[in-house]
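As recorded in Swiss-Prot:
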- 28-276: domain 'Protein kinase' (DOMAIN)
- Asp147: active site, proton acceptor (ACT_SITE)
- 294-334: domain 'UBA' (DOMAIN)
- 389-421: region 'Disordered' (REGION)
- 441-468: region 'Disordered' (REGION)
- 441-451: compositional bias 'Polar residues' (COMPBIAS)
Amino acid sequence: MGPGSQQKSEKLRSKSPLADMDGLHAQYVMLETIGHGGCATVKLAQHRLTGTHVAVKTIRKREYWCNRVISEVELLMMADHPNIISLLQVIETKKKVYLIMELCKGKSLYQHIRKAGYLQEHEARALFKQLLSAMNYCHNQGIVHRDLKPDNIMVEKDGKVKIIDFGLGTKVKPGQKLNLFCGTYPFSAPEVLLSTPYDGPKIDVWTLGVVLYFMVTGKIPFDACSIKKLVKRILAGKYSIPSRLSAELQDLLSLLMTANPKLRPTVAEVMVHPWVTEGSGVFPDPCEEQTPLKPDPAIVKAMGHIGFQAQDIEDSLRQRKFNQTMASYCLLKKQILKECDRPTRARPVNPSVTPFPSLVDTATTRLGLRRRENEPTCPWSSANRQVSVCGKSTSKKRDRRVSWPSVLGRPRHTAPTMDHTRTRTRSVPCICSMFCTVQPNSSEESTQGHTRASAADKPVHSRGWPRGIKGWTRMIGNAMRKLCCCIPSKETSHLGQNRVSPKK
């Protein structure tokens, strides 16, 4: 490893306050594997502090792959777009790099098309415009993906697209040529197969054409029984186009898959093509879900009660440190927004009176609070029980369920699952849902592979709180009341009243 790579590695390590294995498991419950590749695996995990599911990509650091690993981390740190997978935290050890990312709940574009056969043009247009928005953002940032294919594009249940896996991506300067041959043969541009210096953004345009063709036909444009014949067909740039496709779409496909890269359009030029702008020329706003530079004071105050420092929160967001503080803030804010978007089934109340949160489940738990300097306390541990990596408790006794006030925990809440139709009691998002296990469910597909989670096994819970904690819960409750305008009052909360979980 060269000195430049060592400096980059040290830079990454400095961004992570918990740079050891214990740090990873102290913050996340590792669940089942949901994807794997040549030098990396992706696991489903649960953030202990918020109970939110995340994807943890584990990359082994080897001499040959080290520069590529660092490149992927840096690219994800640069990217902040609603249609690009969000990086939340980086934890690095001597042998591994852990990338904690948001969990995309849906299917890959490949699975989506295989199930549908092919998409109608208006359906394909809705997805393709999101891809264009993301790739235009990347190219403006000097990022080239180089492996854009249906397996690396996630489609969530609400139709939102997320581009994942920047493992072959790189950073380029204007006019810079690339030499590395990489990607997948059926999606590779002719100039890459010729092993000549190529323009990075232009090969992304070619793969966008192959992906669009796959969406509207259910097939790839270039296919053959051998690599040699496949390369020959790609270099010739000849493929069949179904006559049922509109003239505008046929024209767009021919532009995207132009064999000569000099004649191939840029992504910005594709975005104004008549087929793309038909119906509406509006594209996703890149600022829609960007990480805030200035934190919400109410969230900061609430996080302060569980050990976070206000200045550390502000610095972590402004400098994009991708540490524990930044991850906790981002996951908590997403939970709050999700809760605020929920429809409520409450009794009519006096419109002139602002509802206040209710202490629905007043069961309390005992937590031993131990905190390092400038590090938030994560009160999920119990001195009388041990939790294995897979989340199963070694204790055979049935403990009481962990509960916070409704502003901090979900009352009567089972382990979160991928099942969006599961019912549960209405409450404001939890800061400390102490679920120590979520077992996989073989029936549900999800993200970066085939994510599965289940509530078949009961979650492990900690023991009861001492009575003296009531004052603390009231203090945190007061701080959290400002977080969400849709917090129900005690009059409208019922333990037996469940409702459908929100569509994520």
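Note that Cβ sites are derived from N, Cα and C of the backbone, with glycine treated the same way.
Using DSSP to sort the residues of the domain 'UBA' (294-334) gives these counts of helix, strand and coil: 28 helix, 0 strand, 13 coil.
Model confidence over the domain 'Protein kinase' (28-276) is summarised by a mean pLDDT of 91. Asp147 (active site, proton acceptor) has a Cβ environment of 20 other Cβ atoms inside 10 Å.
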